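What follows is a set of notes on a single structure, which appears directly below.
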Amino acid sequence: MKKLGTDLLKRGFAKMVKHGVVMDVTNVEQALIAEEAGATAVMALERVPADIRVQGGVARMSDPEMILEIKDAVSIPVMAKARIGHYVEAQVLESIGVDMVDESEVLTPADEVNHIDKRAFTAPFVCGARNLGEALRRIDEGAAMIRTKGEAGTGNVVEAVKHMRAVNEGIARVIGYKEMGLEAELIQMARNELKVPMELISEVAELKRLPVVNFAAGGIATPADAALMMQMGCDGVFVGSGIFKSGNPAVRAKAIVEATYNFDKPEVIAEVSKNLGEAMVGINIDEIPEEMLLAKRGI
């Protein structure tokens, strides 16, 4: 019988990459640059979100052979993406030994109603969220890590900021109700608004934060972007298109790592922000047609 990983073990792995940067890479060369720059993990995928956005079509799990080549080349953890609800893609990724599965809205959803039952897997999962309800529903399904959805492939951090602020505001409400002894309001919030078990709400109230590691993702393109998200309370950052769509990926990757570690030191962020070359060309969110917004996938 297959032995499933416990929540404790899965969340423990997620904590190992805390305070660090996870970088999207599409080949071994990029993975080595990311490792050299100090990434705590890499996300192996065939197309970064910016390319997926431009090229369109159905975006699926990457070729397992490509993922294995990257795993063989680096000593840091390797993550990979599965489509929302596509539990067979997740089974494949687990079988080849990826360290974490990202059930990602960047890929074309396979199921518009259900997410993967992540408790049925040994591998830990990370999932995106726009607010406290989405975050806690994914945790209830077994996610070991949460990240903001942001709006991937845009180089525009505004949506990640919006999502992190929404999570923080939701947590503040839970804490406030708890401190005022408003148990009935908490129960109603859990049942009707967030649609999660009361036990999760109690855990948030006790910890005064999400029960799992919470990273920023979606639109992070500069060292200052990374530091902004860390100052908002994120535990680390994912950087997708922002590094390898820039003019000098190796230098920018190191700078974002430095800014993430030194997020509360403006003088360090200023220093590492010098002479980075061209950042990726960004997209204003209001220029994206409604049907092309990725963050709305999977609620």
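Backbone N, Cα and C atoms are what each Cβ position is placed from, and that goes for glycine too.
With a 10 A radius on its CB, Ser241 (D-ribose 5-phosphate binding site) counts 25 other CB atoms from all the protein chains. Under the heading D-ribose 5-phosphate binding site, Swiss-Prot lists Asp24, Gly153, Gly219, Gly240, Ser241, citing sequence analysis as support.
Marked as active site, schiff-base intermediate with D-ribose 5-phosphate by Swiss-Prot: Lys81. Counting only residues at least six positions away in the same chain, the Cβ atoms of Met43, Leu45, Met61, Ser62, Val101, Asp102, Glu103, Ser104, Val106, Leu107 sit under 8 Å from the Cβ of Lys81 (active site, schiff-base intermediate with D-ribose 5-phosphate). Classification of Lys81 (active site, schiff-base intermediate with D-ribose 5-phosphate) by DSSP places it within a strand.
Residues annotated as D-glyceraldehyde 3-phosphate binding site in Swiss-Prot, with sequence analysis given as evidence: Arg165. For the recorded site, Arg165 (D-glyceraldehyde 3-phosphate binding site), the DSSP three-state label reads helix.
The distance from the Cα of Gly219 (D-ribose 5-phosphate binding site) to the Cα of Arg165 (D-glyceraldehyde 3-phosphate binding site) comes to 15 Å. DSSP classifies Ser241 (D-ribose 5-phosphate binding site) as helix under the three-state reduction.
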